[in-house]
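Q: Just dropping this structure here.
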Amino acid sequence: MADGISSFWGPVTSTIECCEKNYAYSSYIAEFYNTISNIPTILLALVGLVNALRQRFEKRFGILHVSNMILAIGSMLYHATLQHVQQQSDETPMVWEMLLYMYILYSPDWHYRSTMPTFLFLYGAVFAVVHSVIRFGIGFKVHHVILCLLCIPRMYKYYIHTQDGPAKRLAKLYVATLSLGSLCWFCDRVFCKQISSWPINPQGHALWHLLMGFSCYFANTFLMFCRAQQRGWAPKVVYFMGGLPYVKIEKPKSQ
């Protein structure tokens with residue numbers, strides 16, 4: 001939300017601003033809450049990465065957790081500066097991450113193993129170059145939504161073929177946090193004028209970041225469970241300190 005204040009980063013050059021007063025707490029952070037709300041995503045992704053490495057899951061899952069961290073860091077840079085270059089560091093990883101999800105979801109049944117990763121890599125590279133030149137507006141959002149929709153059929157297939165109750169609960173938590181986060185994002189975008197007149201701004205976009213951090217973690221953990229089932233690793237969902245779920249596996253001695 002623009003307020004005309006000059007800052008350490010100079011005038012705003014990004015194409016999108018959220019419903020938060022700029023530079024309210026620091027001349028170095030344009031949107032304070034939208035910046036710090038990415039920290040939980042980084043911490044959750046770090047937990048997932050440590051678990052993936054410690055139990056020697058396939059490299060794709062380590063990369064997936066790292067991509068969550070990169071996306072959150074890019075989002076922090078964007079909301080802290082509101083500069084167009086940093087906006088690219090937020091939006092481009094969003095597309096890369098969805099391409100990675102598509103690979104993880106569809107690759108187990110893809111017979112031509114080198115075709116899919118090659119195509120997705122080239123697609124991501126071309127998008128990054130084009131997006132750095134052309135300022136996509138609504139087109140970027142539509143493109144990202146299409147990529148998300150392409151993942152839904154496969155996620156649903158995994159869900160209906162999973163009999164484990166705690167694993168199915170992970171999928172439900174993923175959908176719930178995604179839906180609630182999307183609602184927060186929508187309200188922040190559409191009702192900004194009304195929200196700005198309230199005594200307290202609920203910071204809908206910051207809540208979107210927080211809920212999406214949990215949504216990604218739940219989705220990643222569910223996919224790790226499904227993949228471990230495919231590999232015959234006897235996965236089960238356990239809870240760290242009785243709260244945060246993660247997947248524990250028992251690989252056959254031959255592996």
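Cβ coordinates are placed from backbone N, Cα and C, and glycine is handled just like the others.
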Q: Which residue range, 32-50, 146-164, is the one TrEMBL calls transmembrane segment?
A: 32-50
Q: Between the Cα atoms of ASN22 (Ca(2+) binding site) and HIS205 (Zn(2+) binding site), what distance do you get, rounded to the nearest Å?
A: 14
Q: I'd like to know which of the binding-site residues HIS79, HIS209 has the most other Cβ atoms within 10 Å of its Cβ.
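A: Buried the deepest by this measure is HIS79.
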Q: Grab the same-chain neighbours of the transmembrane segment (173-191) for me: Cβ-Cβ under 8 Å, and only residues 6 or more beyond its ends, written as numbers and ranges.
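A: Answer is 18-19, 202-205, 207-208, 210-212, 214-215, 218-219, 222.
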Q: In the structure shown, with every protein chain counted, which of the binding-site residues GLU20, GLU31 has the densest set of Cβ atoms within 10 angstroms of its Cβ?
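A: Answer returned by the neighbour count: GLU31.
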